[in-house]
Protein chains: 2
Amino acid sequence: MRSIAELRKEIAAYRRRSPEGQAVGFVPTMGYLHEGHASLLRRSSAENGLTVLSVFVNPLQFGPNEDLDKYPRDEARDLAVASASGADIVFMPEVREMYPERMLTAVSVSGVTERLCGASRPGHFDGVATVVTKLLNIVQPDRAYFGQKDAQQVAVIERMVKDLNIPVDVIACPTQREKDGLALSSRNFYLNADERRQALILSRSLAQVPLLIREGACAERLIHWLSSEIAAQPLADIDYIDVFSYPDLQPLAADEPLRSTSAPVLVALAVRFGKTRLIDNMLLNPAEVH
Amino acid sequence: MRSIAELRKEIAAYRRRSPEGQAVGFVPTMGYLHEGHASLLRRSSAENGLTVLSVFVNPLQFGPNEDLDKYPRDEARDLAVASASGADIVFMPEVREMYPERMLTAVSVSGVTERLCGASRPGHFDGVATVVTKLLNIVQPDRAYFGQKDAQQVAVIERMVKDLNIPVDVIACPTQREKDGLALSSRNFYLNADERRQALILSRSLAQVPLLIREGACAERLIHWLSSEIAAQPLADIDYIDVFSYPDLQPLAADEPLRSTSAPVLVALAVRFGKTRLIDNMLLNPAEVH
(Lines of atoms letter the chains of each structure in order from A and count residues from 1; the text may use other names and numbers.)
(Lines give C-alpha, C1' and ligand atoms only; values in the text may rest on other atoms or scores of the structure.)
Protein backbone atom coordinates (compact mmCIF):
# COMPACT_ATOMS: atom_id res chain seq x y z
CA MET A 1 0.00 0.00 0.00
CA ARG A 2 1.49 3.33 -1.05
CA SER A 3 -0.98 5.98 0.02
CA ILE A 4 -1.60 7.45 3.46
CA ALA A 5 -5.30 7.98 2.72
CA GLU A 6 -5.74 4.36 1.63
CA LEU A 7 -3.87 3.07 4.70
CA ARG A 8 -6.00 5.16 7.05
CA LYS A 9 -9.16 3.88 5.38
CA GLU A 10 -8.09 0.24 5.83
CA ILE A 11 -7.21 0.75 9.49
CA ALA A 12 -10.43 2.66 10.19
CA ALA A 13 -12.42 -0.13 8.54
CA TYR A 14 -10.64 -2.68 10.74
CA ARG A 15 -11.35 -0.62 13.87
CA ARG A 16 -15.05 -0.40 12.98
CA ARG A 17 -15.57 -4.09 12.34
CA SER A 18 -13.24 -5.53 15.01
CA PRO A 19 -14.62 -6.53 18.38
CA GLU A 20 -13.81 -4.40 21.43
CA GLY A 21 -10.24 -4.79 22.65
CA GLN A 22 -8.73 -5.89 19.35
CA ALA A 23 -5.67 -3.68 19.16
CA VAL A 24 -3.53 -2.40 16.28
CA GLY A 25 0.20 -3.15 16.40
CA PHE A 26 2.78 -1.28 14.33
CA VAL A 27 6.31 -2.17 13.24
CA PRO A 28 8.09 0.76 11.53
CA THR A 29 11.16 -0.29 9.52
CA MET A 30 13.46 0.84 6.72
CA GLY A 31 12.90 -2.48 4.94
CA TYR A 32 15.43 -5.09 3.80
CA LEU A 33 13.79 -7.17 6.48
CA HIS A 34 15.73 -9.73 8.46
CA GLU A 35 14.89 -12.09 11.30
CA GLY A 36 15.05 -9.16 13.77
CA HIS A 37 12.15 -7.43 11.99
CA ALA A 38 10.36 -10.76 11.62
CA SER A 39 10.52 -11.27 15.39
CA LEU A 40 8.88 -7.85 15.92
CA LEU A 41 6.13 -8.74 13.44
CA ARG A 42 5.48 -12.11 15.08
CA ARG A 43 5.25 -10.48 18.50
CA SER A 44 2.89 -7.77 17.21
CA SER A 45 0.78 -10.38 15.47
CA ALA A 46 0.51 -12.40 18.69
CA GLU A 47 -0.48 -9.34 20.75
CA ASN A 48 -2.79 -7.47 18.36
CA GLY A 49 -5.69 -8.08 16.05
CA LEU A 50 -4.09 -6.14 13.21
CA THR A 51 -0.39 -5.68 12.48
CA VAL A 52 0.82 -2.85 10.25
CA LEU A 53 4.37 -2.88 8.87
CA SER A 54 5.88 0.24 7.33
CA VAL A 55 8.85 0.10 4.99
CA PHE A 56 10.28 3.56 4.42
CA VAL A 57 13.91 4.60 4.01
CA ASN A 58 13.59 8.02 5.63
CA PRO A 59 15.88 10.59 3.99
CA LEU A 60 15.52 12.91 7.00
CA GLN A 61 17.57 10.65 9.26
CA PHE A 62 20.55 10.25 6.93
CA GLY A 63 23.41 12.75 6.98
CA PRO A 64 24.81 14.19 3.73
CA ASN A 65 27.73 11.73 3.73
CA GLU A 66 25.76 8.70 4.85
CA ASP A 67 24.45 5.69 2.94
CA LEU A 68 20.93 6.87 1.95
CA ASP A 69 21.38 6.14 -1.75
CA LYS A 70 22.93 2.75 -1.32
CA TYR A 71 20.80 1.64 1.66
CA PRO A 72 19.72 -1.86 0.55
CA ARG A 73 16.18 -2.24 -0.79
CA ASP A 74 14.24 -5.34 -1.86
CA GLU A 75 10.48 -4.86 -1.91
CA ALA A 76 9.59 -8.33 -3.19
CA ARG A 77 11.54 -10.03 -0.42
CA ASP A 78 10.15 -7.60 2.18
CA LEU A 79 6.60 -8.50 1.16
CA ALA A 80 7.40 -12.21 1.47
CA VAL A 81 8.94 -11.82 4.94
CA ALA A 82 6.04 -9.57 5.98
CA SER A 83 3.38 -12.05 5.01
CA ALA A 84 5.26 -15.00 6.53
CA SER A 85 5.66 -13.12 9.82
CA GLY A 86 2.10 -11.97 10.40
CA ALA A 87 1.91 -8.47 8.92
CA ASP A 88 -1.66 -7.75 7.80
CA ILE A 89 -0.94 -4.45 6.06
CA VAL A 90 2.35 -3.31 4.49
CA PHE A 91 2.71 0.45 4.04
CA MET A 92 5.45 1.32 1.53
CA PRO A 93 5.13 5.04 0.80
CA GLU A 94 7.24 6.91 -1.73
CA VAL A 95 9.28 9.83 -0.39
CA ARG A 96 6.87 12.32 -1.99
CA GLU A 97 3.93 10.74 -0.15
CA MET A 98 5.64 11.26 3.21
CA TYR A 99 7.20 14.64 2.31
CA PRO A 100 4.99 16.25 -0.34
CA GLU A 101 6.54 19.65 0.36
CA ARG A 102 9.55 21.00 2.23
CA MET A 103 9.18 20.04 5.91
CA LEU A 104 8.97 23.13 8.10
CA THR A 105 8.12 21.16 11.24
CA ALA A 106 10.64 19.15 13.26
CA VAL A 107 10.38 17.07 16.39
CA SER A 108 13.58 17.06 18.38
CA VAL A 109 14.60 15.34 21.57
CA SER A 110 17.51 16.74 23.58
CA GLY A 111 19.47 15.11 26.41
CA VAL A 112 19.20 11.47 25.36
CA THR A 113 20.40 12.35 21.85
CA GLU A 114 23.64 14.13 22.69
CA ARG A 115 25.86 11.10 23.10
CA LEU A 116 26.57 7.83 21.25
CA CYS A 117 25.02 7.85 17.76
CA GLY A 118 23.61 11.34 18.40
CA ALA A 119 27.16 12.70 18.65
CA SER A 120 28.43 10.74 15.59
CA ARG A 121 25.37 11.44 13.43
CA PRO A 122 24.19 15.05 13.98
CA GLY A 123 20.51 15.50 13.10
CA HIS A 124 19.94 11.73 12.88
CA PHE A 125 17.60 11.49 15.86
CA ASP A 126 15.63 14.60 14.87
CA GLY A 127 14.95 12.78 11.61
CA VAL A 128 13.96 9.63 13.48
CA ALA A 129 11.73 11.49 15.97
CA THR A 130 10.01 13.42 13.18
CA VAL A 131 9.29 10.44 10.94
CA VAL A 132 8.17 8.25 13.85
CA THR A 133 5.77 11.01 14.96
CA LYS A 134 4.39 11.16 11.40
CA LEU A 135 4.02 7.37 11.17
CA LEU A 136 2.36 7.13 14.59
CA ASN A 137 -0.08 9.87 13.55
CA ILE A 138 -0.83 8.03 10.32
CA VAL A 139 -1.26 4.53 11.78
CA GLN A 140 -2.49 5.48 15.29
CA PRO A 141 -1.48 2.08 16.68
CA ASP A 142 -2.10 0.86 20.21
CA ARG A 143 1.40 -0.63 20.36
CA ALA A 144 4.60 0.08 18.41
CA TYR A 145 7.50 -2.37 18.33
CA PHE A 146 11.20 -1.49 18.13
CA GLY A 147 14.38 -3.56 18.37
CA GLN A 148 16.58 -3.07 21.42
CA LYS A 149 19.61 -3.26 19.09
CA ASP A 150 18.90 0.42 18.43
CA ALA A 151 18.91 1.10 22.18
CA GLN A 152 19.37 4.84 21.88
CA GLN A 153 16.57 5.05 19.31
CA VAL A 154 14.29 3.23 21.76
CA ALA A 155 15.28 5.68 24.54
CA VAL A 156 14.59 8.65 22.23
CA ILE A 157 11.19 7.33 21.13
CA GLU A 158 10.13 6.37 24.67
CA ARG A 159 11.00 9.86 25.87
CA MET A 160 9.26 11.55 22.94
CA VAL A 161 6.11 9.49 23.42
CA LYS A 162 6.03 10.42 27.11
CA ASP A 163 6.83 14.13 26.58
CA LEU A 164 4.27 14.57 23.78
CA ASN A 165 1.57 12.32 25.32
CA ILE A 166 1.46 10.18 22.18
CA PRO A 167 -1.20 7.53 22.87
CA VAL A 168 0.87 4.40 22.12
CA ASP A 169 2.71 1.70 24.07
CA VAL A 170 6.34 1.50 22.97
CA ILE A 171 7.57 -2.09 23.17
CA ALA A 172 11.31 -2.79 22.98
CA CYS A 173 12.19 -6.30 21.83
CA PRO A 174 15.47 -8.22 22.29
CA THR A 175 18.23 -8.00 19.69
CA GLN A 176 18.20 -10.95 17.30
CA ARG A 177 21.57 -12.49 16.39
CA GLU A 178 23.11 -14.88 13.91
CA LYS A 179 24.13 -18.24 15.39
CA ASP A 180 27.69 -16.93 15.74
CA GLY A 181 26.49 -13.85 17.69
CA LEU A 182 26.54 -11.10 15.04
CA ALA A 183 23.61 -8.74 15.72
CA LEU A 184 21.19 -8.78 12.79
CA SER A 185 21.24 -5.61 10.72
CA SER A 186 20.32 -4.71 7.15
CA ARG A 187 23.82 -3.24 6.93
CA ASN A 188 25.47 -6.66 7.50
CA PHE A 189 24.75 -7.16 3.80
CA TYR A 190 27.63 -4.79 2.98
CA LEU A 191 30.29 -6.81 4.85
CA ASN A 192 32.82 -8.89 2.94
CA ALA A 193 33.98 -12.22 4.41
CA ASP A 194 36.97 -10.79 6.30
CA GLU A 195 34.96 -7.88 7.73
CA ARG A 196 32.16 -10.18 8.78
CA ARG A 197 34.53 -12.54 10.57
CA GLN A 198 36.28 -9.72 12.44
CA ALA A 199 32.93 -8.09 13.31
CA LEU A 200 32.19 -11.05 15.59
CA ILE A 201 34.44 -9.35 18.15
CA LEU A 202 31.54 -6.97 18.92
CA SER A 203 29.14 -9.55 20.31
CA ARG A 204 31.95 -11.68 21.76
CA SER A 205 33.45 -8.84 23.75
CA LEU A 206 30.00 -7.58 24.87
CA ALA A 207 29.24 -11.09 26.11
CA GLN A 208 32.08 -10.70 28.63
CA VAL A 209 30.55 -7.53 30.12
CA PRO A 210 28.54 -9.24 32.90
CA LEU A 211 31.68 -11.10 34.02
CA LEU A 212 33.73 -7.90 34.13
CA ILE A 213 31.01 -6.10 36.09
CA ARG A 214 30.78 -8.99 38.54
CA GLU A 215 34.55 -8.73 39.03
CA GLY A 216 34.13 -5.07 40.02
CA ALA A 217 34.92 -3.22 36.78
CA CYS A 218 34.16 0.52 36.67
CA ALA A 219 32.96 2.27 33.48
CA GLU A 220 36.49 3.37 32.59
CA ARG A 221 37.98 -0.10 32.92
CA LEU A 222 35.12 -1.68 30.97
CA ILE A 223 35.53 0.78 28.10
CA HIS A 224 39.28 0.30 28.12
CA TRP A 225 38.98 -3.48 28.00
CA LEU A 226 36.38 -3.43 25.18
CA SER A 227 38.48 -0.95 23.21
CA SER A 228 41.60 -3.08 23.33
CA GLU A 229 39.70 -6.27 22.46
CA ILE A 230 38.04 -4.63 19.47
CA ALA A 231 41.06 -2.64 18.31
CA ALA A 232 43.00 -5.91 18.10
CA GLN A 233 40.97 -6.70 14.97
CA PRO A 234 42.90 -5.03 12.15
CA LEU A 235 39.78 -4.00 10.16
CA ALA A 236 37.97 -2.48 13.18
CA ASP A 237 37.73 1.31 13.29
CA ILE A 238 36.05 2.34 16.56
CA ASP A 239 33.50 5.18 16.39
CA TYR A 240 32.53 4.98 20.07
CA ILE A 241 32.39 2.58 23.00
CA ASP A 242 30.54 3.97 25.97
CA VAL A 243 28.64 3.21 29.16
CA PHE A 244 25.59 5.16 30.33
CA SER A 245 22.63 4.89 32.62
CA TYR A 246 19.47 3.82 30.80
CA PRO A 247 17.06 5.14 29.56
CA ASP A 248 18.22 8.67 30.43
CA LEU A 249 21.70 8.09 28.91
CA GLN A 250 23.64 10.00 31.52
CA PRO A 251 27.32 9.35 32.29
CA LEU A 252 28.20 7.08 35.23
CA ALA A 253 31.03 7.75 37.66
CA ALA A 254 34.09 6.60 35.67
CA ASP A 255 35.86 4.98 38.64
CA GLU A 256 33.06 3.36 40.70
CA PRO A 257 32.31 -0.34 40.33
CA LEU A 258 29.33 -0.66 37.99
CA ARG A 259 27.86 -3.44 40.13
CA SER A 260 27.00 -0.79 42.75
CA THR A 261 24.88 1.22 40.25
CA SER A 262 21.15 0.97 40.90
CA ALA A 263 19.81 2.02 37.47
CA PRO A 264 20.05 -0.15 34.33
CA VAL A 265 23.34 0.29 32.48
CA LEU A 266 23.74 0.47 28.70
CA VAL A 267 27.07 -0.60 27.20
CA ALA A 268 26.93 0.57 23.60
CA LEU A 269 29.35 0.68 20.72
CA ALA A 270 29.63 1.65 17.08
CA VAL A 271 32.51 0.30 15.01
CA ARG A 272 33.31 0.51 11.32
CA PHE A 273 34.51 -2.50 9.37
CA GLY A 274 35.56 -1.19 5.98
CA LYS A 275 32.82 1.24 4.95
CA THR A 276 30.16 -0.42 7.10
CA ARG A 277 29.26 1.05 10.47
CA LEU A 278 27.84 -1.54 12.85
CA ILE A 279 26.27 -0.96 16.27
CA ASP A 280 25.65 -3.34 19.11
CA ASN A 281 24.93 -3.03 22.82
CA MET A 282 24.18 -4.77 26.06
CA LEU A 283 21.57 -3.48 28.47
CA LEU A 284 21.81 -4.88 31.96
CA ASN A 285 20.80 -4.35 35.51
CA PRO A 286 24.06 -4.47 37.49
CA ALA A 287 22.21 -5.49 40.65
CA GLU A 288 21.17 -8.68 38.84
CA VAL A 289 24.67 -9.63 37.65
CA HIS A 290 25.80 -12.42 39.97
CA MET B 1 -11.25 17.85 35.17
CA ARG B 2 -7.56 17.95 36.12
CA SER B 3 -6.10 14.62 35.07
CA ILE B 4 -5.08 13.44 31.61
CA ALA B 5 -6.01 9.83 32.44
CA GLU B 6 -9.49 10.84 33.59
CA LEU B 7 -10.02 13.01 30.50
CA ARG B 8 -8.97 10.21 28.17
CA LYS B 9 -11.33 7.82 29.95
CA GLU B 10 -14.29 10.21 29.52
CA ILE B 11 -13.57 10.77 25.83
CA ALA B 12 -13.06 7.04 25.19
CA ALA B 13 -16.38 6.32 26.93
CA TYR B 14 -18.09 8.90 24.72
CA ARG B 15 -16.54 7.40 21.58
CA ARG B 16 -17.72 3.92 22.56
CA ARG B 17 -21.31 4.88 23.27
CA SER B 18 -21.81 7.53 20.56
CA PRO B 19 -23.36 6.58 17.24
CA GLU B 20 -21.15 6.46 14.14
CA GLY B 21 -20.14 9.88 12.85
CA GLN B 22 -20.51 11.77 16.12
CA ALA B 23 -17.29 13.74 16.20
CA VAL B 24 -15.23 15.26 19.01
CA GLY B 25 -14.49 19.00 18.82
CA PHE B 26 -11.71 20.68 20.79
CA VAL B 27 -11.13 24.30 21.81
CA PRO B 28 -7.71 24.83 23.42
CA THR B 29 -7.44 28.11 25.40
CA MET B 30 -5.45 29.83 28.11
CA GLY B 31 -8.68 30.64 29.97
CA TYR B 32 -10.08 33.99 31.08
CA LEU B 33 -12.68 33.24 28.46
CA HIS B 34 -14.36 35.99 26.48
CA GLU B 35 -16.92 36.07 23.71
CA GLY B 36 -14.22 35.06 21.20
CA HIS B 37 -13.69 31.76 23.00
CA ALA B 38 -17.45 31.38 23.48
CA SER B 39 -17.94 31.68 19.71
CA LEU B 40 -15.44 28.83 19.17
CA LEU B 41 -17.26 26.68 21.72
CA ARG B 42 -20.67 27.36 20.14
CA ARG B 43 -19.33 26.45 16.72
CA SER B 44 -17.72 23.25 18.02
CA SER B 45 -20.89 22.35 19.84
CA ALA B 46 -22.94 22.83 16.67
CA GLU B 47 -20.56 20.70 14.58
CA ASN B 48 -19.64 17.88 17.00
CA GLY B 49 -21.30 15.47 19.39
CA LEU B 50 -18.81 16.24 22.16
CA THR B 51 -16.93 19.48 22.78
CA VAL B 52 -13.80 19.54 24.94
CA LEU B 53 -12.43 22.85 26.23
CA SER B 54 -8.94 23.06 27.69
CA VAL B 55 -7.85 25.90 29.97
CA PHE B 56 -4.09 25.88 30.43
CA VAL B 57 -1.73 28.84 30.73
CA ASN B 58 1.25 27.18 29.07
CA PRO B 59 4.56 28.33 30.62
CA LEU B 60 6.50 27.05 27.58
CA GLN B 61 5.13 29.79 25.30
CA PHE B 62 5.98 32.73 27.56
CA GLY B 63 9.39 34.40 27.39
CA PRO B 64 11.34 35.18 30.58
CA ASN B 65 10.20 38.82 30.57
CA GLU B 66 6.61 38.18 29.55
CA ASP B 67 3.38 38.15 31.54
CA LEU B 68 3.13 34.47 32.60
CA ASP B 69 2.74 35.21 36.30
CA LYS B 70 0.20 37.94 35.88
CA TYR B 71 -1.72 36.38 32.99
CA PRO B 72 -5.34 36.74 34.18
CA ARG B 73 -7.04 33.65 35.60
CA ASP B 74 -10.63 33.07 36.76
CA GLU B 75 -11.64 29.42 36.89
CA ALA B 76 -15.14 29.96 38.23
CA ARG B 77 -16.02 32.37 35.46
CA ASP B 78 -14.38 30.12 32.85
CA LEU B 79 -16.55 27.21 33.98
CA ALA B 80 -19.67 29.38 33.71
CA VAL B 81 -18.80 30.59 30.19
CA ALA B 82 -17.88 27.04 29.19
CA SER B 83 -21.17 25.56 30.25
CA ALA B 84 -23.21 28.42 28.76
CA SER B 85 -21.39 28.00 25.42
CA GLY B 86 -21.73 24.25 24.91
CA ALA B 87 -18.54 22.75 26.34
CA ASP B 88 -19.22 19.19 27.52
CA ILE B 89 -15.86 18.60 29.20
CA VAL B 90 -13.51 21.22 30.67
CA PHE B 91 -9.89 20.10 31.05
CA MET B 92 -7.96 22.34 33.48
CA PRO B 93 -4.63 20.62 34.16
CA GLU B 94 -2.04 21.88 36.60
CA VAL B 95 1.40 22.62 35.17
CA ARG B 96 2.82 19.45 36.78
CA GLU B 97 0.17 17.33 35.05
CA MET B 98 1.23 18.65 31.63
CA TYR B 99 4.96 18.80 32.43
CA PRO B 100 5.68 16.16 35.10
CA GLU B 101 9.38 16.28 34.31
CA ARG B 102 11.74 18.50 32.36
CA MET B 103 10.63 18.47 28.71
CA LEU B 104 13.34 17.05 26.47
CA THR B 105 11.12 16.98 23.39
CA ALA B 106 10.18 20.04 21.35
CA VAL B 107 8.08 20.55 18.25
CA SER B 108 9.26 23.49 16.18
CA VAL B 109 7.99 25.04 12.98
CA SER B 110 10.36 27.14 10.89
CA GLY B 111 9.57 29.52 8.04
CA VAL B 112 6.11 30.71 9.15
CA THR B 113 7.49 31.53 12.62
CA GLU B 114 10.36 33.80 11.67
CA ARG B 115 8.41 37.04 11.27
CA LEU B 116 5.70 38.98 13.13
CA CYS B 117 5.22 37.59 16.67
CA GLY B 118 7.86 34.94 16.01
CA ALA B 119 10.49 37.67 15.66
CA SER B 120 9.26 39.64 18.71
CA ARG B 121 8.76 36.59 20.94
CA PRO B 122 11.63 34.11 20.36
CA GLY B 123 10.63 30.55 21.33
CA HIS B 124 6.95 31.49 21.61
CA PHE B 125 5.74 29.40 18.69
CA ASP B 126 7.88 26.39 19.67
CA GLY B 127 6.02 26.51 22.98
CA VAL B 128 2.67 26.79 21.18
CA ALA B 129 3.48 23.97 18.72
CA THR B 130 4.67 21.69 21.52
CA VAL B 131 1.69 22.21 23.83
CA VAL B 132 -0.84 21.98 20.99
CA THR B 133 0.76 18.68 19.89
CA LYS B 134 0.46 17.40 23.47
CA LEU B 135 -3.17 18.53 23.78
CA LEU B 136 -4.13 17.05 20.40
CA ASN B 137 -2.52 13.75 21.46
CA ILE B 138 -4.43 13.82 24.74
CA VAL B 139 -7.86 14.75 23.34
CA GLN B 140 -7.53 13.20 19.84
CA PRO B 141 -10.31 15.42 18.49
CA ASP B 142 -11.74 15.26 15.00
CA ARG B 143 -11.79 19.06 14.79
CA ALA B 144 -9.85 21.77 16.64
CA TYR B 145 -10.99 25.41 16.70
CA PHE B 146 -8.75 28.47 16.79
CA GLY B 147 -9.42 32.20 16.51
CA GLN B 148 -8.22 34.00 13.40
CA LYS B 149 -7.14 36.89 15.65
CA ASP B 150 -4.00 34.83 16.26
CA ALA B 151 -3.49 34.51 12.51
CA GLN B 152 0.15 33.49 12.72
CA GLN B 153 -0.68 30.87 15.36
CA VAL B 154 -3.29 29.43 13.00
CA ALA B 155 -0.72 29.36 10.17
CA VAL B 156 1.81 27.61 12.44
CA ILE B 157 -0.69 25.00 13.63
CA GLU B 158 -2.07 24.34 10.15
CA ARG B 159 1.45 23.77 8.88
CA MET B 160 2.41 21.57 11.82
CA VAL B 161 -0.73 19.44 11.44
CA LYS B 162 0.01 18.95 7.75
CA ASP B 163 3.76 18.26 8.19
CA LEU B 164 3.25 15.77 11.04
CA ASN B 165 0.08 14.13 9.60
CA ILE B 166 -1.85 14.89 12.79
CA PRO B 167 -5.34 13.48 12.21
CA VAL B 168 -7.41 16.60 12.95
CA ASP B 169 -9.22 19.30 11.00
CA VAL B 170 -7.98 22.75 12.02
CA ILE B 171 -10.82 25.28 11.85
CA ALA B 172 -10.00 28.98 11.96
CA CYS B 173 -12.88 31.19 13.15
CA PRO B 174 -13.41 34.94 12.65
CA THR B 175 -12.06 37.44 15.17
CA GLN B 176 -14.73 38.58 17.62
CA ARG B 177 -14.83 42.30 18.47
CA GLU B 178 -16.36 44.71 20.97
CA LYS B 179 -19.10 46.91 19.53
CA ASP B 180 -16.53 49.69 19.04
CA GLY B 181 -14.23 47.35 17.10
CA LEU B 182 -11.59 46.38 19.68
CA ALA B 183 -10.57 42.76 19.03
CA LEU B 184 -11.48 40.58 22.02
CA SER B 185 -8.47 39.43 24.04
CA SER B 186 -7.90 38.30 27.61
CA ARG B 187 -5.18 40.94 27.72
CA ASN B 188 -7.72 43.78 27.17
CA PHE B 189 -8.36 43.36 30.88
CA TYR B 190 -5.03 45.11 31.59
CA LEU B 191 -5.91 48.31 29.70
CA ASN B 192 -6.82 51.46 31.58
CA ALA B 193 -9.47 53.80 30.15
CA ASP B 194 -7.03 55.98 28.16
CA GLU B 195 -5.16 53.01 26.76
CA ARG B 196 -8.39 51.29 25.80
CA ARG B 197 -9.72 54.39 23.99
CA GLN B 198 -6.50 54.86 22.04
CA ALA B 199 -6.29 51.12 21.23
CA LEU B 200 -9.37 51.55 19.00
CA ILE B 201 -7.01 52.91 16.36
CA LEU B 202 -5.94 49.31 15.62
CA SER B 203 -9.30 48.09 14.34
CA ARG B 204 -10.19 51.48 12.86
CA SER B 205 -7.05 51.74 10.78
CA LEU B 206 -7.25 48.05 9.73
CA ALA B 207 -10.82 48.70 8.56
CA GLN B 208 -9.42 51.12 5.96
CA VAL B 209 -7.13 48.47 4.46
CA PRO B 210 -9.56 47.22 1.74
CA LEU B 211 -10.09 50.82 0.59
CA LEU B 212 -6.34 51.46 0.38
CA ILE B 213 -5.79 48.24 -1.55
CA ARG B 214 -8.60 49.12 -3.95
CA GLU B 215 -6.91 52.48 -4.53
CA GLY B 216 -3.73 50.63 -5.56
CA ALA B 217 -1.62 50.72 -2.41
CA CYS B 218 1.52 48.58 -2.33
CA ALA B 219 2.74 46.84 0.85
CA GLU B 220 5.15 49.65 1.65
CA ARG B 221 2.53 52.37 1.35
CA LEU B 222 0.00 50.38 3.38
CA ILE B 223 2.50 49.84 6.21
CA HIS B 224 3.53 53.51 6.11
CA TRP B 225 -0.07 54.68 6.30
CA LEU B 226 -0.97 52.33 9.17
CA SER B 227 2.19 53.32 11.06
CA SER B 228 1.44 57.02 10.90
CA GLU B 229 -2.23 56.51 11.88
CA ILE B 230 -1.29 54.39 14.88
CA ALA B 231 1.77 56.41 15.92
CA ALA B 232 -0.50 59.49 16.12
CA GLN B 233 -1.94 57.97 19.34
CA PRO B 234 0.43 59.14 22.08
CA LEU B 235 0.22 55.90 24.12
CA ALA B 236 0.84 53.60 21.13
CA ASP B 237 4.22 51.89 20.95
CA ILE B 238 4.45 49.90 17.71
CA ASP B 239 6.06 46.46 17.89
CA TYR B 240 5.43 45.58 14.23
CA ILE B 241 3.07 46.34 11.36
CA ASP B 242 3.57 44.05 8.40
CA VAL B 243 2.04 42.56 5.28
CA PHE B 244 2.63 38.97 4.15
CA SER B 245 1.19 36.31 1.92
CA TYR B 246 -0.98 33.83 3.84
CA PRO B 247 -0.66 31.13 5.12
CA ASP B 248 3.02 30.81 4.14
CA LEU B 249 3.88 34.27 5.60
CA GLN B 250 6.32 35.27 2.90
CA PRO B 251 7.13 38.91 2.07
CA LEU B 252 5.30 40.55 -0.85
CA ALA B 253 6.94 42.86 -3.38
CA ALA B 254 7.11 46.14 -1.45
CA ASP B 255 6.23 48.35 -4.42
CA GLU B 256 3.61 46.37 -6.38
CA PRO B 257 -0.10 47.13 -5.95
CA LEU B 258 -1.46 44.56 -3.51
CA ARG B 259 -4.64 44.24 -5.58
CA SER B 260 -2.62 42.39 -8.21
CA THR B 261 -1.52 39.69 -5.72
CA SER B 262 -3.20 36.35 -6.25
CA ALA B 263 -2.66 34.75 -2.79
CA PRO B 264 -4.50 35.85 0.37
CA VAL B 265 -2.78 38.75 2.14
CA LEU B 266 -2.36 39.11 5.89
CA VAL B 267 -2.01 42.60 7.33
CA ALA B 268 -0.90 42.08 10.92
CA LEU B 269 0.20 44.32 13.74
CA ALA B 270 1.32 44.25 17.36
CA VAL B 271 1.22 47.48 19.38
CA ARG B 272 1.84 48.18 23.06
CA PHE B 273 -0.45 50.47 25.01
CA GLY B 274 1.27 50.97 28.35
CA LYS B 275 2.48 47.52 29.39
CA THR B 276 -0.13 45.70 27.34
CA ARG B 277 0.79 44.24 23.98
CA LEU B 278 -2.22 43.90 21.67
CA ILE B 279 -2.38 42.18 18.29
CA ASP B 280 -4.89 42.48 15.49
CA ASN B 281 -4.97 41.64 11.81
CA MET B 282 -6.95 41.58 8.62
CA LEU B 283 -6.83 38.64 6.24
CA LEU B 284 -8.10 39.36 2.78
CA ASN B 285 -8.10 38.15 -0.76
CA PRO B 286 -7.00 41.18 -2.83
CA ALA B 287 -8.74 39.81 -5.92
CA GLU B 288 -12.04 40.12 -4.04
CA VAL B 289 -11.51 43.74 -2.90
CA HIS B 290 -13.72 45.79 -5.21
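Positions of Cβ are set from backbone N, Cα and C atoms, glycine also.
Here the structure is a predicted model, which means the values were calculated and not measured.
For B:S186 (ATP binding site), applying a Cβ distance below 8 Å and a minimum sequence separation of six or more within one chain yields B:M30, B:G31, B:Y32, B:L33, B:H34, B:Y71, B:P72. Annotation note: B:S186 (ATP binding site) sits in a helical segment as assigned by DSSP. For B:30-37, B:147-150, B:184-187, the entry in TrEMBL reads ATP binding site.
Residues or ranges marked as active site, proton donor by TrEMBL: B:H37. B:H37 (active site, proton donor) is surrounded by 26 other CB atoms, counting those within 10 A of its CB over all protein chains shown.
Under DSSP, B:Q153 ((R)-pantoate binding site) is assigned to a helix (H, G or I) in the three-state scheme. Taking Cβ-Cβ distances under 8 Å and a sequence gap of 6 or more within the same chain, the neighbours of B:Q153 ((R)-pantoate binding site) are B:C117, B:F125, B:V128, B:F146. TrEMBL lists B:Q61, B:Q153 with the feature (R)-pantoate binding site.
If you look up TrEMBL, you'll see B:Q61 marked as beta-alanine binding site. Sequence-distant neighbours of B:Q61 ((R)-pantoate binding site): residues of the same chain at least 6 apart with a C-beta under 8 Å from its C-beta are B:G123, B:H124, B:F125, B:G127, B:V128, B:V131.
Distance between Cα atoms for B:H37 (active site, proton donor) and B:K149 (ATP binding site): 11 Å, as a whole number. Of all the binding-site residues listed (B:H34, B:K149), B:H34 has the fewest other CB atoms within 10 A of its CB. Other C-beta atoms found within 10 angstroms of the C-beta of B:M30 (ATP binding site) number 18, with every protein chain shown included. Around the Cβ of B:L184 (ATP binding site), a 10 Å sphere holds 19 further Cβ atoms from the protein chains shown.
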